[in-house]
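Novice: What TrEMBL shows for this protein is this:
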- 221-531: domain 'Protein kinase' (DOMAIN)
- Val227, Gly228, Lys229, Gly230, Gln231, Phe232, Ala233, Glu234, Val235, Lys254: ATP binding site (BINDING)
- Asp356: active site, proton acceptor (ACT_SITE)
- 558-567: compositional bias 'Basic and acidic residues' (COMPBIAS)
Amino acid sequence: CGCLCSVGRSPSPALSACSARRSLKTNLCKWCDSTAPACEDKVCYSNCNLNSYCEDPYEICVAIWRQDNESIRISTLCHNPQQPIENLMVPNYNTSRCIMSQQPSQDGLTYICGCAEEQECNDRLIFENHTNGYSMLQSKEVIPVAAISLLPPLLVAVMITVIFYLCRTQKRRKRAKAWGGKQGQPPALPEPGKAAEREEKLSVLMDESPASSRPAELLPIELDEMVGKGQFAEVWRAKLSHSPSGQYETVAVKIFPCEEYSSWKNESQIFTDSSLRHDSVLQFLTAEDRGAGPRREYWLITAYHSRGNLKDYLSRHVLSWRDLQKMAGSLVSGVAHLHSDYTACGRPKIPIAHRDIKSTNVLVKSEQECVLCDFGIAIRLDPALTVDDFANSGQASMAPALCQPHPCPVGTARYMAPEVLESRVNLEDLESFKQMDVYSMALVLWEMASRCEVVGEVKNYELPFGSKVQEQPCVDTMRDIVLHGRGRPEIPSSWLVHQGMRFLCDTITECWDHDPEARLTAHCVAERFNLMAQMDCDDILNNNTDNQASKTASAAGEHQDSDGSRS
């Protein structure tokens, strides 16, 4: 993206350039390093199974064709057409068709094309002059002959499709009438003992899920090992194959059972929003649904981080002050990005509330930074939504039955803000959702601080309120501690000796304030981390200056002593 902007910094020329384009949409392009095409006549297809939204609105979809004596390979990607790629400029890219243009090359044949304004337009590659090396049909008479030959089976296929659709629709209406439900609504599931009836109704529920959620071709993924299990899904380490030769990429696959379709749908809709992309948000690859009927599964495929979640990492490692700054700063940056009305490049976006920030929903990257994950109950803070939409946005399976008339609390009880525990969230103010996230974020920051070596004696890792509650406390227990007792995790006086840690503790305290409106915003916390980093830089410079002055003074003293001894 030519805009390397960070949250909380002053606008840069790159930000201004991006702001000028923020009314444009980014292109969705095929994106594979190397694939073997499938060709017929004047058209080839890239055979790329991966796609991605371009980082910037001025980037277009590009395909590069390379042919030598042994093979033909296609590379597909997003690219800025004003810049060369492999010493080639993209010609004639202001079109929705990817028309190949031959380029000078010393190694075989090279063609390039660019296109925009149509999704995955760099998948279909057009050779207007029969130059793709695969064309076997030279006569123009072949086209009408082929059309006449294919017309009868095509008509038969259309008739079969129509008949199948009518029969299927009629069958659904009969079942909906038998259940006493409305068409298009999933049936209520029976008790577990009625297995046969349950499977039949589940199969209908799965059949009514949107067909658009099933991709044309599933990714070649081999599950390796289950690395996590939550209330709604399992997380597996897996291998994504890139070539028949055995090259693969390690990815994470979150697998939802068919009963948790709504959880998968919500998280996939959050992930597929291109404005969500950020260094501190888990990288999303694609969403898939696999299988059929009651055995149908829903997959989310994301980047894999071998260091695991923050809770497990903190239980095994003690952090240096630099580590704490880097990890906490990246977490805060991610939350600030979710809550922001604009991307880092200045494009407008809908803010998102995570609603379940906790140390198990934060992953640690290899470069010692954090990323947010698990957006199963996240919500888009769209001003077009009504109060009823927000009130009904929780997942019923997580909410107690006796929470009416107030909104049902969603999330993890240990990390719930006081207003959530009390079921008194102001749904008319979208900032309320952000304030809940800030409270939860403060508890995670406290967890990191408790494992930093600058606090003195570093105790064994424990969760917030660890010694006061059970491992999985209920809402009533947390209500007594947080709401009625105004309890918060302890900040010992030894933490306040270090200047930077004292600054961090003040920030944490302001983030978990009992009054939601008195809490800092995530953006303000990000600004404080920038200031904290600047303070450390100034300290380093001052220390270096003091050390240099000390060395100079010491050398001058030695020189005077030497002169005195000579006299």
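Positions of Cβ are set from backbone N, Cα and C atoms, glycine also.
In TrEMBL, annotation is done automatically, which means it is predicted and not curated.
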Novice: If one measures from the C-alpha of Val235 (ATP binding site) to the C-alpha of Asp356 (active site, proton acceptor), what distance in angstrom results, rounded to a whole number?
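Specialist: Answer for this pair: 17 Å between alpha carbons.
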Novice: Take the C-alpha atoms of Asp356 (active site, proton acceptor) and Val227 (ATP binding site) and report the distance between them in angstrom, rounded.
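Specialist: The separation of the Cα atoms works out to 20 Å.
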Novice: When DSSP states are folded down to helix, strand and coil, where does Val227 (ATP binding site) land?
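Specialist: DSSP assigns Val227 (ATP binding site) to strand.
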Novice: Within a 10 Å radius of its Cβ, which of these binding-site residues (Val227, Ala233, Val235) has the fewest neighbouring Cβ atoms?
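Specialist: Among the binding-site residues Val227, Ala233, Val235, the sparsest Cβ neighbourhood within 10 Å belongs to Val227.
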Novice: Under a three-state reduction of DSSP output, how is Ala233 (ATP binding site) classified: helix, strand, or coil?
Specialist: coil
